[in-house]
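Student: Here TrEMBL flags B:95-113, B:321-344, B:375-394, B:1015-1037, B:1057-1079, B:1091-1115, B:1121-1146 as transmembrane segment. Look at TrEMBL and you will find B:Asp440 tagged as active site, 4-aspartylphosphate intermediate. Here TrEMBL flags B:Asp440, B:Lys441, B:Thr442, B:Glu538, B:Phe601, B:Lys624, B:Arg655, B:Thr735, B:Gly736, B:Asp737, B:Arg848, B:Lys854, B:Asn878, B:Asp879 as ATP binding site. The Mg(2+) binding site feature in TrEMBL is assigned to B:Asp440, B:Thr442, B:Asp875, B:Asp879.
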Amino acid sequence: MKNEGETAEQPDNTAFTQQRLPAWQPILSAGIVIPGFLLIGLAFIGIGVGLFLTSQTITVLEMDYTGVEKDEPCFGCTIPNIQNCTCEVQFSLSTLFKGPVFFYYGLSNYFQNFRKYGVSKDYYQLTGDTQYFTSPQDSCSPFAYDSKKIPIVPCGAIANSMFNDTFKLYQLINGTKKQVPFDGKGISWWTDYNIKYRNPSPVNGSFVNAFSGTRNPINWPKPVYELDLTDQNNNGFLNQDFLVWMRRAALPDFRKLYRRITQGDYAEGLPAGNYSLTVHYNYPVLSFDGRKKVVFSNVSWMGGKNDFLGIAYLVVGSLCVVMSVVMLIVYAKFKFSDDDDM
Amino acid sequence: MTFLVRDARLLALVTFHRRRMQCFCQETGVTTADCELPACTGEESWVDSRTVYIGHKEPPPGAEAYIPQRFPDNRIVSSKYTFWNFIPKNLFEQFRRIANFYFLIIFLVQLIIDTPTSPMTSGLPLFFVITVTAIKQGYEDWIRHRADNSINQCPVHVIQHGKVVRKQSQKLRVGDIVQVKEDETFPCDLILLSTSREDGTCFVTTASLDGESSHKTYYAVQDTKAFNTAEEVDTLHATIECEQPQPDLYKFVGRINIYLDRDEPIARPLGSENLLLRGATLKNTEYIHAVAIYTGMETKMALNYQSKSQKRSAVEKSMNAYLIVYLCILISKALINTLLKYVWQADPNRDEPWYNEKTETERQRHVLIRAFTDFLAFMVLFNYIIPVSMYVTVEMQKFLGSYFILWDDDMFDEELGERPLVNTSDLNEELGQVEYVFTDKTGTLTENNMELRECCVDGHIYVPHAICNGQILPGAAGMDMIDSSPGIDGKEREELFFRALCLCHTVQVKEEETVDGIKRGIHQGKSTSFYISSSPDEVALVEGMKRQDTCIHTLRVINMHSHYLIVLLGFTYLRLKDSHMEILNREDEMERFELLEVLNFDSVRRRMSVIVRSSSGEYYLFCKGADSSVFPRVVSGKVEQVRARVEHNAVEGLRTLCVAYKKLTHEEYEETCRLLNSAKLALQERDKKLSEAYDVIEKDFILLGATAVEDRLQDKAADTIESLHKAGMKVWVLTGDKMETAAATCYASKLFHRNTQILELTTKRTEEQSLHDVLFDLSRTVLRHHGSMTRDTFSGLSGDFHDYGLIIDGATLSAVLKPTQDGNSNGGNYKEIFLEICRNCSAVLCCRMAPLQKAQIVKLIKASKEHPITLAIGDGANDVSMILEAHVGIGIMGKEGRQAARNSDYAITKFKHLKKMLLVHGHYYYIRIAELVQYFFYKNVCFIFPQFLYQFFCGFSQQPLYDTAYLTLYNISFTSLPILLYSLMEQHINMDILKRDPSLYRDIAKNSLLRWPTFIYWTFLGLFDAVVFFFGAFFLFDNTTFTSNGQLMATNTQMMFGNWTFGTLVFTILVFTVTLKLALDTHYWTWINHFVIWGSLLFYVIFSLLWGGIIWPFLNYQRMYYVFMQMLSSGPAWLSIILLIIVSLLPDVVKKVLCRALWPTTTERIQDADKLYKGHLSEFTPLSSLHAPPVRKHDRRGNESQNHTHRRSDSSPPKKLMRTYWGSKPDYCTFSSFLRIGENPRFSGAAYAYSTPGPETSNKLVLPLCKPVNEEHSIGCDCLCPIAFSHDESQPGLHGCRPRRKPLLKMMHKKARKQFAEDKQTKDMDYWNHVLWSDETKINLFGSDGVKRVWRQPGKQTQEGDLGWRQLWILHAQLVPHKETGDGVGMFALRGCLRVLLSPATSSLSKIRTWPGGLGNIGQPLADVRLSFVADFAVAAPQDKTVARGAPATER
């Protein structure tokens, strides 16, 4: 018999203290895994086929316009120190390029993911905090002040290196150029445009006055408040092109959305025919062996053209099926020999 | 003259040994854990002395120069820190740990240089860890401070100027005279001056020091004991010279110089019997006066506070090895990246493209500095590969995990009300790695509960025999007879013998009823005194002599004619009073003997003596000791008869002591006194001089006789040892006992089996042959056998074959270990040969061991080339050295004080708990921590390797892939709890199975889950997963329009994803994969596991939504804003997350399934089987069938071993279960291990199949019997199984040679079982009363589980003779209506059983015999369970008669 003292010494005899909690004890045995693999495999193959077929319906037209070779249309613009160079890239579509068509520019061998480059911006400037206009953060250097110690807004390497080629697309109909309307709205993240980035509040009723005492980034021909003079909602830090640029790409070869073609006659897509793309060639890439290109693409429910996902699903799916068969053979053999043993 | 002699001497030896080791350490410059004692004091030399002036009085001029010495005050400081130094000291302590230091360095680097990640990422976790540890340590220290204060401020009474003054304890000074009252604790180390008792003694318990609750007597200095009042004491003028404080509790050497009126001071020796230690408590004495000699931190208690050495587990060592590998990986990663960066940047346009210009200062910086900074930056970027949280998790796992031992109800001791103790949690997993078990015998394997079995006086055997109410209680049955009844001379001798036993001891009489709950009243409360001694043997002897009131305690003398001569015993030791021992003789007369000297017991002499003077003025010297130490000193007496009897008793497993005496003349006594006094007065080398004196005094004895004391085996000791053996552990018994006794215990405890070939390496053998030859002989024997075996057998650990047992004694051992002087080549090899022999022996018995040698053996094995993990278990102070030496030290909280328990890593109450501790807890701890360590490294490879790969695509610019929050929280919160909980909860196999099948322990032996191949597998798995994550995401992003679809607000827009989305995608896959990987590894899903695993995934998602959903005002970037949501809004992201998780997990799953199918381990087989039976495996199946196929061996043991064992088969018929019978006698020991039926009286009953050995009878009886699962249930019908008997031999020819390789049960069987169970579910009570219940599911008669072959002519049926004879004992209770006839229900049930069990081979049973009530003679354990009858039958039994002897019918 236990007395009081002993029971006090004894902790509760619970399932937990005795390590006897009720438990589910699954075991990865062949009996579960083989059908499991088969199911996963079949499901993956199904998804893979779906993805692959979807990916096949997407049309992508990609054109490098860097002008490295002499016969390329933009070769002439690659000469250093040339100003306001324009070149024209011609292409033709044999069938309708189904819309909505997305128009991208692409850069390769361009490291937006350099660490120093990545931190070279001032978040507070971009939220419209005018205090930081006059004294940008250190992270922006050497693009914080110009040689005359005038602060730069927006400061930093990212803003300074904003892509500034501009494009115009014309359809050539019987020798006449018909401009294809571009839609530049909503190409950036909704949250970037609506929440994260803010223009400074107007000083003395003028938005421009807020920028007094600062200068535009060195590589920019015009200040940030003149990025889009036509549409005040697309101006300043809220310029969609600027926002797109400010979201750094993950890898050195990247595309960024430039415009969408959703309006007018081209809402259904680009009809078959000849087109001419006029490029205002400003952005130097040859110095670091980079390339520039333009891409037309349409999208599906799963985004842009991406064969990888479909193929990966197919490969993994079939691998699963193969593995399940292999395991079945192994298991059967093992079991068989075992039965023989009995 | 303390009563602690035995322990004290042993401990002295231990400490001595440790000190020597320390000296060695200091000389060689090795700083090991052993080097912890404060000073290297040299062997026995007198180091330094202090002079204490009692009462701070100067000695009279001219006597001695007065040199006031400064001593510390009596303040006890156990705290580590003070308020002021806490922060710096604690920080210093913490950063001394290499891991903390590493993280500190990383943190500092992050602060100093411009690094990719913010210092927060490593600073925050580090800060957290440091703070938590500091708070914990601070709290502990605060508690210590409080305790110190309460001790330091408690009042003490000091005598100043003849008055008693109250003082705070901390203000006590050396030389103060202190008055201590009853039940007070001594405030410092004191020299006893006088007591309230006139004889100058006081009683003290040292329970708080060494756990011994017995009262020890301390003596005042003879010349000062008269100074009794405060005034008198104040007049005392004396100085004390004594050694400087030493930590040894039981050693003290000093001298008191008392200045009386004369010029010449009186010098008196002071020993430990005069020294009252701080921490001890005064008992049974009104007050004492004593002088303080050691105060404060110099008291022996404080000196013993030194923390024990830190033991590190094997897992920790491999963890550190992995850590170094990972550190190398980390450094090489950083180096590679730095190198590549500069190779890649050779092109200036890459180094500094126009869009990413450097600042002027950056350009100016020297390239080497830049490279170095880059290197550091890469280090910082990849530092997470060694996570700070791993240490925290491991510590928490160990700390929390150790509670499962504490909580375990199976290890709770109801008798003592004690739970196991966990003194260190660092070694939990080491319990799963033990390869060698070193166990003490007395008190560990045995109960240390001594009972006098017999005395042998001059060759006459006396058996204690209690006669109660005129009835002879059943005691021993058969007795040998040696001599005719003693004559007149014999009678005198007899009385002298009994007197000797009553006088020659250090037993103390305790007058109170209880001491710590142990009651040992003489008789039913009538007398309230009982005996206490540090040696249980002595108590047994003295108690055995005692006469009792109603039960007349007698000795039965058995003479030639089987005539019982009742000899009244009745010598009762009453008390020690005024140096007189009072005993009550047979005629109830008081005899008084003046106790003159006690020559204390020590383990070297192995004897003790007393010198007494009888009332008639005769001087006697009585000596009691081990036979080996007494016989050489005997000159007359019936040596041969006694020796024969002693040897016989030793073989029976009894502890024997010889008693001898000699008469001294007065002159001889004077001479003896002189010798002793001069030795005792010596300040230097007192021990040595004493032992020399003893040697001179103790000789020329007359032998009186011998005693035999029985020490019963502990409950389930044999079962435990057998389990340990099956688990692949080698069990060594290290004992101080003599060889025969120890060997008998070893047989009883199943350490040796009947078919164990015993190799002897004893003095007896080395006398005949040289040590060299013996060693080589033995190694040849062992190796020859070994060579003929294939290497893949269990290297001599189990099975019938080449099962060797080695017996070695202390003397031979020291000869083996002694480095030879002549330096020839053979000499040094002895150790190697010895080790080689030991390695091939499954069991080793080392007898006649000194404590020091025990530690030596452990050390020897530890240092052998496999570096096995050792475990030492013991209960006494003599085991402390061994416990401290072994990797895992386990103390048994036994009768010999708490020394062992205090010094151990774990303490348990019974030896049997070792089984659960190792097989279940150790196993679990090991697999848990192994997974924990591997998983931690794995998940960090997965974590960091993508970041490494990313450097190749970001121009080696140290761009982190993941956001700061993710980097910080990955190890802290996203993936920490699942693995912690896993490492606390995981049970890959059910507890019952682990306990039932010890061989599963082999699966994890030798650190098998943390070997390099496993580690490399995990690392590569991590690398593979990392590659999958990274390149999976890479190909989705690369050159494709991986975009967000269906923007949250505006529809049908396609947005580009940036680098943070890329990182978040990888991170999401990562968190899910590593968590699911753990889920795949979890075998035991309790609700906690579900909660934690799914909870932490959910937490990740919620955290990410929150982290990205809000503009956090305190951040100067909002790079994660809406990234996670945008990612989830993209269909391909979902698809790729699913795909990549599956791809990452795929190879591991495939590997697991294939390995499980193709090369299953035993563990996996049992898991599968357990799954089949839905967790009821433990009740049914013979697990051995699931094991990996054993290598088949059909050769029998060699004739040599047969002869060897037969040579020893000269034992007497069975009397006691624990005794053993060598040779062909039935092995009753089996019973004791199976007997658990007492737990359930209602269904107590057991069926055992039984067989004797014989070369051709290797028949396997498998009795998967039923066992009430829950003993509490009145009807334990949740377990039902058919009784089956495997009987392969019934068919002609050689069949069934191939062992089974898979579970016996198929679907069909399971259905049948279900049916069986369903049938039984509705049965009523009456039905169940007819069922035979039994314990144990399987009984191997002997030998392995493998199938045995029997030689038969072709076409001939199995003859019973082929099988030898069998014996079945069925014991059941409450089944028999007619005891007389043995018929009725019980018999019916029995017959039914037999039919099932033994058909068809036993269809012709030659006879079935029953003995109603015949169990009384099988022994005490069986009698306890109220068994009704035994059935014994034999088949074709030529040896039938021997069988019958097993259970002779004895009428009540």
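Along the chain as shown, the residues are counted starting at 1.
Here the Cβ of each residue, glycine as well, is placed from N, Cα and C on the backbone.
Whatever TrEMBL says is automated annotation, not expert-curated.
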Student: Which whole number of Å gives the largest C-alpha distance between any two of B:Asp440, B:Lys441, B:Thr442, B:Glu538, B:Phe601, B:Lys624, B:Arg655, B:Thr735, B:Gly736, B:Asp737, B:Arg848, B:Lys854, B:Asn878, B:Asp879, the residues noted as binding ATP?
Tutor: 25
Student: When you measure from the Cβ of the residue listed as 'active site, 4-aspartylphosphate intermediate', which residues in the chain that are at least 6 apart have a Cβ under 8 Å away?
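Tutor: The answer is B:Val733, B:Leu734, B:Thr735, B:Lys854, B:Ile873, B:Gly874, B:Asp875, B:Gly876, B:Asn878, B:Asp879, B:Met882.
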Student: Looking only at DSSP and grouping its letters into three states, which state does B:Asn878 (ATP binding site) belong to?
Tutor: helix
Student: How would DSSP class B:Phe601 (ATP binding site) in three states?
Tutor: coil
Student: Report yes or no: does the transmembrane segment (B:1121-1146) come within contact of the transmembrane segment (B:1015-1037), defined as 3 or more CB pairs under 8 Å with a sequence separation of 6 or more?
Tutor: yes
Student: Given a Cβ distance threshold of under 8 angstroms, which distant residues of the chain, six or more beyond its ends, lie next to the transmembrane segment (B:1091-1115)?
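Tutor: Those are 963, 965, 969, 973-978, 981, 1064, 1068, 1071-1072, 1075, 1078-1079, 1082, 1121-1125, in sequence order.
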Student: Taking residues 6+ outside the transmembrane segment (B:321-344), which of them lie with a CB under 8 Å of any CB in it?
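Tutor: Long-range Cβ neighbours of the transmembrane segment (B:321-344): 350, 367, 371, 374-376, 378-379, 381-383, 385-386, 933, 937, 940, 948, 951-952, 955-957, 1015.
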Student: Tally every other Cβ atom lying within 10 Å of the Cβ atom of B:Arg848 (ATP binding site).
Tutor: 24
Student: Counting across all protein chains shown, how many other Cβ atoms sit within 10 Å of the Cβ of B:Asn878 (ATP binding site)?
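Tutor: Around the Cβ of B:Asn878 (ATP binding site), 30 other Cβ atoms lie within 10 Å.
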Student: Residues with Cβ closer than 8 Å to the Cβ of B:Arg655 (ATP binding site), same chain and 6+ apart in sequence?
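Tutor: For B:Arg655 (ATP binding site), the qualifying residues are B:Thr442, B:Met450, B:Asp537, B:Ala708, B:Val709, B:Glu710, B:Asp711, B:Asp737, B:Thr741.
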Student: Enter the number of other CB atoms within 10 angstroms of the CB of B:Asp875 (Mg(2+) binding site).
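Tutor: Here the count is 33.
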Student: Inside 10 Å of the Cβ of B:Phe601 (ATP binding site), count up the other Cβ atoms and send me the figure.
Tutor: 25
Student: Helix, strand or coil: which one is B:Thr442 (ATP binding site) in, per DSSP?
Tutor: coil
Student: Among the binding-site residues B:Thr442, B:Gly736, B:Asp879, whose Cβ has the fewest other Cβ atoms within 10 Å?
Tutor: B:Gly736
